[in-house]
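Peer 1: Before anything else, here's the structure in question.
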2 protein chains.
Amino acid sequence: MDEPVLLTGAGGRVGQAILRHIGDRFEWRLLDREQLGESKRPDSVPDDDVFATDITDEAGVREAIDGVYAVIHLAGDPRPEAPWDSVLRNNIDGTHTLFQAAVEAGVEKFAFASSNHAVGAYETTDRTPDLYRPEDDFRLNGTELPRPSNLYGVSKATGEILGRYYHDNHDISVVNVRIGNLTEGHPPIDYERGQAMWLSYRDCANLFERCVLADYDYETVYGISDNDRRYYSIERARSVLGYEPTDNSAEYEDEDESDCANGDDD
Amino acid sequence: MDEPVLLTGAGGRVGQAILRHIGDRFEWRLLDREQLGESKRPDSVPDDDVFATDITDEAGVREAIDGVYAVIHLAGDPRPEAPWDSVLRNNIDGTHTLFQAAVEAGVEKFAFASSNHAVGAYETTDRTPDLYRPEDDFRLNGTELPRPSNLYGVSKATGEILGRYYHDNHDISVVNVRIGNLTEGHPPIDYERGQAMWLSYRDCANLFERCVLADYDYETVYGISDNDRRYYSIERARSVLGYEPTDNSAEYEDEDESDCANGDDD
């Protein structure tokens with residue numbers, strides 16, 4: 001693979017997890033709405049490969065995506081409580097812009113950052129909090145219909161369907177990664193749900209690396225570490241992508257690290 | 001049920017099929033982007049209950065929906081080949097506007113006109129044309145993931161997900177009707193696919209009447225007549241809604257009615 005990988009939303013939390021851990025693995029194009037400071041990108045990426053571009057800017061996206069092998073599409077409004085107008089524009093329309101530009105440019109693979117919020121309403125009161133505990137065997141595995149818990153989740157489920165359309169009709173490999181709760185260094189404290197869907201930075205980077213390297217058609221996988229507590233299956237991520245998670249939120253449960261902040265869900 | 005039923009897109013083909021056959025069954029509010037001529041509405045509907053309103057006009061929609069018991073939401077760009085900007089605005093944003101206004105107004109039931117195009121890409125070359133023939137037993141039943149055949153289909157699948165969100169989070173009953181090929185009087189000629197998904201005008205009206213009267217939570221059903229050729233199941237429509245189709249495209253197959261035009265898929 002000699003062609004570059006386009007990373008959108010490169011300055012966000014997921015983008016930074018990827019660049020810190022696998023920043024030396026690919027030739028990158030980095031796109032972010034804001035100018036990406038030098039501390040936020042690998043030294044090996046020249047200024048010409050860094051784009052301060054809004055993802056709804058069709059011409060700007062076309063320029064950034066030209067000659068690219070694969071796209072990791074993270075850009076969008078990341079707030080679970082984001083209002084409709086913002087997710088309509090940034091997440092739904094923006095993802096359409098990326099897919100359309102990708103197929104026109106002949107991109108081979110497209111990894112889409114979906115979210116646990118696309119299926120958050122499976123966490124009904126009769127299932128929780130048992131769902132978050134190691135002995136519970138309920139699993140979502142990516143074949144279930146979306147059940148969004150908010151309009152942000154609706155926008156992510158729509159991005160998955162856009163991927164289905166582009167895969168079926170335009171011969172591009174698409175993987176949706178329903179990202180759990182990404183925090184650096186340590187799982188969220190006193191938050192069982194977050195521990196059940198914890199994704200460590202290095203596991204996040206490994207998973208997206210596999211999205212670039214593996215062969216697949218259209219897949220929906222869960223992006224979590226190898227947690228004892230979990231209600232998302234990672235079997236498809238392992239078997240189809242070759243994902244090899246290293247971390248497990250259970251390894252931190254007896255510690256008292258009050259200096260570690262809780263993260264938001266992605 | 002003393003409160004009225006709001007019908008959006010009342011002047012379109014589906015709306016007209018409904019009004020012609022069950023125009024006397026409910027008290028109606030009729031909404032269409034264009035002024036609805038008297039020939040297009042039952043005599044019983046006074047001018048005050050007819051709204052020339054774009055569905056993305058939040059204030060106009062709020063006025064039309066006030067005090068309504070149920071919504072039959074048909075409005076949107078109906079063209080399978082509609083461009084993204086139009087389906088984004090009219091079908092996705094417009095459907096959000098309707099759902100949001102519906103839950104704010106305390107509407108009890110919401111029937112959403114989805115489409116066969118939300119699942120059109122299941123018709124892969126290895127399945128067709130056998131799929132369209134009576135002896136083939138492949139069936140879609142509404143539990144499958146969307147596979148849109150065009151961006152119009154993406155917009156309809158998104159409307160279904162909006163319904164899932166509003167049902168789960170706002171206690172409104174929602175039914176998605178994936179409408180087949182609606183033609184008046186006669187199934188499409190020399191078009192096996194259209195015959196397999198034919199929906200007669202009176203069956204269309206019966207189905208949407210049942211969407212107003214039946215009790216359900218969140219459902220996705222197929223809107224076709226009782227055709228011998230079919231690859232959509234109507235079991236959920238029968239069992240949950242009490243749909244009782246009268247027509248069957250097979251009854252027309254030996255006829256030669258060259259004066260009947262073929263319809264478009266909805």
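Backbone N, Cα and C define each Cβ position, glycine as well.
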Peer 1: The NAD(+) site in TrEMBL lists A:ASN90, A:TYR152, A:LYS156. Which one of A:SER115, A:SER173 belongs there according to the record?
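Peer 2: As annotated by TrEMBL, A:ASN90, A:TYR152, A:LYS156 share the NAD(+) site with A:SER115, chosen from A:SER115, A:SER173.
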Peer 1: Between the binding-site residues A:TYR152, A:LYS156, whose Cβ has more other Cβ atoms within 10 Å than any of the rest?
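Peer 2: Within the set of binding-site residues, the most crowded position is A:LYS156.
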Peer 1: Indicate whether A:SER115 (NAD(+) binding site) is helix, strand or coil by DSSP.
Peer 2: strand
Peer 1: Can you work out the mean pLDDT of the predicted model over the domain 'NAD-dependent epimerase/dehydratase' (A:5-182)?
Peer 2: 97
Peer 1: Report, as a single number, how many Cβ atoms besides its own are within 10 Å of the Cβ of A:SER115 (NAD(+) binding site).
Peer 2: 29
Peer 1: Sorted by position, what residues of the same chain at least six away from A:ASN90 (NAD(+) binding site) have a C-beta under 8 A from it?
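Peer 2: Expected: A:ILE55, A:THR56, A:ALA75, A:GLY76, A:ASP77.
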Peer 1: Across the record's NAD(+)-binding residues A:ASN90, A:SER115, A:TYR152, A:LYS156, the largest CA-CA distance in angstrom?
Peer 2: 15
